[in-house]
Structure formats: structure tokens, C-alpha cells
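Student: This is the structure I have questions about; it appears just below.
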Amino acid sequence: MRTYTTNKSDFIFTFFVYTVLTLLAVVTLLPFLQIVTLSMSSAEIVNSYGFHFIPTSFDFSGYRQVFHNDLIWTAYGNTILRTVLAVALTLVLTFLGAYPLSKKFLPHRTFWTGFVVLTMFFSGGMIPSYILVKELGLMNSIWSLVLPGAVSTFLLLIVRNFIHEIPEALEESAKMDGANDIYILWRIILPLSMPVLATVALYTGVYHWNAWFDSMLYIQDEKKQVLQLVLRHIVLDGDLAASGTETGQTNVNTESMKLATLIVSILPILCVYPFLQKYFVKGTLIGSIKG
Amino acid sequence: MSNEQITAINPAVHIRSASKKRTVWKRYLDNKYFFIMLAPVILYFIIFHYFPIYGVIIAFENFKIIKGITGSPWVGLDNFRDMFSGLYFLPVLKNTFIINSYKLLFGFPAPILLAILLNEIRKPLFKKSVQTITYLPYFLSWIALSGIIIEFLSPSRGPINVLLDLLGFKPIFFIADVHWFRSILVSTEIWKTVGFNAIIYLAAIAGINPELYEAADVDGISKLKKIWYITLPSISPVIVIMLILTSGQIINDDFDQIYNLLNAKVSSVGDVISTYTYTEGIQKMNYSYAAAVGLFKNVVALVVVLTANFIAKRFSDETIF
């Protein structure tokens, strides 16, 4: 039987939970509301005192500046190109590697799995990887952004675990008809693996959309730079210069232009992530299964 | 006795070992299509993972690009001696430990707490909205997030400083203040990851047998007690595994975050191993020294994860190996 006091304390607790979560959601969103508002405000409003969470008047000159900035659009193209290339390459390599590793009868399976998994726990680090890319002659090429991270051990294991769950009977009946392993992979495993491959594609896509450090290390040509790095030059270098880090750089970009660039760069992700989050959730959950 | 001697005495052994060799070869031949599929991945790991691992030997050399890895002079542990006797590495190591300890201390329980709170929500739309909103920062780069954070904490027009001003306090330049910088790193890290990291715990909570809660309801147990006596013990295996996996984070700092928020005013409290490696290795081109710093970090991270795993093995059944 529920006692009165329990009901009362439960009511207070539930009220507390709703309050905390509402506050969390608001606090998470406020910084975004601020930059959206400032990006579409005139300089007077940007510099005026007070909160800027909801636009009071509209001035899109910041966005107009962004639209006329060729560097931003070249970088946009570069980012799209690297993302598409990397997703394609990652999908092919990950899928091809995951299928054999999912087979219990693969000779020395433990060794080959360990060969891949070991890299999760130990790596050469920043400098040896940098020297490798240099020695391979990939500097200033888009392949320096695509090849070094082409296979993620984590995603490979997710796909392997997924394929492992596909009933063997499906493959055996095809094998009786004389199909070889490559045919089975293409005609039977691939169609069934689409959900997990969507997860791989999305993880890889978001990673490459947001990646910038490799571009900072390997790409010298301004025309080949990715969007995030151009964003960094426009938004952060100006601010850091203001705080005294980088000297001698005159910053001609207005505040609203900086924030308009920021909005333009995150817009694709902002638009798609609410609809794609279930694939990411799935990825996290499959990945957490031991095996 | 050597192998030849055995063969000389008993020729059958020779035949047996040869046939064993043949069966291994045959097993590979039978699975040739699988190895054709696997070959590009193996090649990829050799080139892009095992070559850099081999490349860590430059940490024991005085590496020069023109001389190459094999041609550069061997210096043994000199780079490591320089690290610990120099002025810069130890403060950087200290910063790394302090920042990461705070991140673990506050950042590790945060998603567990969020998952527990979300689980109490009975309105699906509210739950879904809170989740979607808290995932948002997770999908954005630290460059974009840093721009947003710097704007939000701006001393002149950031809302926090406007609020401080309304309450009669002086504005604080959070990003360039040595007393605030680490707190900013910890709180923005939580802001970015808490929603997404809660997923795993939400799944664990969803897997708890509902009969446990029903039995508690019959006894009139309060919600808080149910969390303490049912939810937390039920998800503790997941918590232990996550703790082992994140334990390596004590030395693996978040370069993307710190590099984009760091500035000269706070480098004394915010410069960490990865940013230091970058400055030394890439900007100053002290390849060997920077590789030594990186190697030290990777070895410590590995030892910490293995130790955490060992301890977990001793005290519970939950391990990652």
C-alpha cells in the first residue's frame, strides 16, 4: 500500500526531475539562440547592452558577406568532397573486413581480430603519423584527409558483430547452389547489413564534416582547406587576437559575419541530426555488446 | 633434442608436422575469398597503424627527416631525460592530470544522472525533446562550439556577464582567466557529451526487470529509494565497464577542445600534453622529443586501462577482456 508521505515525496521528486531537465534543455539551447540572434542582427544591436536570445530586428548583411566570400564556398566544396570520398572508402573497407572476421572458422581468427583491436589500445601518436603522411607524399592532397582514418576499429567491430547475428542458414543454402563467398557477401549479406552500414556512414560523415586537425597538418594550399579550418580563421583567430594571443592580424570581419559563417557551417548537421539520431543510438548500442 | 634428431629417430613426426603445415595452408586456401576481402583492411592497418607504431622508435633517436628513421642517430633515453629535467613538460603533465581528473569526477557521473532522470519521465514527447536537444552539441565540431562558447562567455555581451552585471558583480573574462579556464573546459565538455553518453545507461536501465519495480511499488517504496536500491545496482556492471574504458582519459586529453579554447593568458593552466606535443613536434619540428612525449602518454594510458581492468577483474566479473 502506498503511504501518503511516499506519494508526497514522489510528487516533489517528479517535479524536481522535470525542472532539472527543462533547465538542462534551456541551458543547452541558450548559446545557440544567442549566436542565431546575433548572426542576423545589425552591428548596433550586436554591440548593445543586454541579452540577445530573440532577434528584435533583422539585418542579414552578415549572411550577404558570407555568400560573397569565395573562400568559404571553396572550403564547403572541399569538405563535401572529403566527406563523400571518406564515407565511400570507409564503407567498402569496413564491410569487406568485417565479414571475414565475423566467421568463427576463419583460420587464426583470434590473431587477425587482435591485429585490428590492438590499435584501439596503442597507437604511434601524432608525430609518427605526421611523418608517415609526409613520407608517403600525401602532403597537400585530399588523400591525406581520407586515407589515414579510413577504417575505424570501433566501427569495424560494430559491423562484425552485426553480421555475426545473421543466420548462417541463409549463406549455406546459397553455398549449396555453388555460390562463392564474394557472391554471398554481395547478394545476401550486403542487403541485410544496410541498417548497420547506415550507422557507419553517418558516424564517418559527421566525423569528416567536423574534422580539421588533419587539414591543418597536411594541407598548405588555401584553396584545398576544409570548411572547419576556414571557420576557425574567421571566428576564433579574430577572438583570440582580441585576447592578445595572435598579434598583427587586423580583423575586418564583423561580428554578425563571423556568426553567420558559424551558422552556415553547422546548418547541414543541424538540419539532419534530429532525423538521423536513431542510427547513432543504434551504433552506440551495438558497439557496446562484448565480443 | 632438436627437431632433426626427433625426425631422425621417428620419421612419422616429420610427416605429421609437414601435413600440419599443409592443413594450415589448405585452410587459408579454402578461405581464399575471405582473405581477398580482408587483405585491403590488413594492408590499411599495416600502413596507417603499424608503421606509426614502428615509427615511435624516433623517440629514441635524434630524428632528421632527410636521414630517415633508419639513418638518424640513436640517442637512447635522452629525449625522456630532457622531458623530465626540462622546465615545460612537468607543468603540462600536471595540467593534464588536473583537468582530466575534474573531467572524470564530474563528467563521468553526469550522463548516469541524466539517464536516471530521463527514465523518470513518463511523457514521451518531453523525454524525446530533452534527448534531442542534449544531443545537439555532440554532433558539432569543437571549432564551432568554441565560437559559440566564446560568444556566450564574452565579457562585453555574453549573457552570463550581463547577469553578473545586473547582480552587481564585475564582469569576468572567463576564457582568459586562469581561475576559470579549467572549469570552462570541464563544463563545456559535459555540455557537449552528456546527452549522447547517457544513451548507454538509458539502454541499461531499460533492460532492468520491471518486476523489481512492481514489487517495490507493492511495498510502497519511494522513487528515490527505488533508484538507490534497484536502478543503480542493476546498471553497476555497465558503469564499471564504462569506467574501465574511460580510465585512460586520465592522460588522454581532448586536443580539439583545448586547442580551440586555449589562449596565451591561460596557457599556464591549460597547456596539456597533446597541445604541447603539437607545439614541440609540428611547430618547432622537434620530432624526436615530441614523439617521446606522445609515447610516454600512450604508454601511461595503456597501463592505466590495463590496471583498471585488472582491478575490476579482482573485485567483480566485469572486464573488457
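Along the chain as shown, the residues are counted starting at 1.
Each residue, glycine too, has its Cβ placed from N, Cα and C.
TrEMBL entries are annotated by machine, without manual review.
According to TrEMBL, the transmembrane segment annotation covers B:33-60, B:104-121, B:133-153, B:160-182, B:194-215, B:227-251, B:287-312. Per TrEMBL, domain 'ABC transmembrane type-1' is recorded for B:93-308.
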Student: For the transmembrane segment (B:287-312) and the transmembrane segment (B:33-60), does the number of C-beta pairs under 8 Å, pairs 6 or more apart in sequence, reach 3 or more?
Tutor: yes
Student: Report, as numbers and ranges, every residue of the chain located at least six residues beyond the transmembrane segment (B:160-182) whose Cβ falls under 8 Å of a Cβ in that stretch; write 'none' if there are none.
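Tutor: Result: 98-99, 102, 149-150, 152-154, 261, 263, 265-266, 268-270.
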Student: Within the same chain, where does the transmembrane segment (B:194-215) have neighbours whose Cβ lies under 8 angstroms from its own Cβ atoms, ignoring anything closer than 6 residues to its ends? I mean 6 or more beyond.
Tutor: 107, 110-112, 114-116, 118-119, 131, 133-138, 226, 230-231, 234-235, 238-239, 242
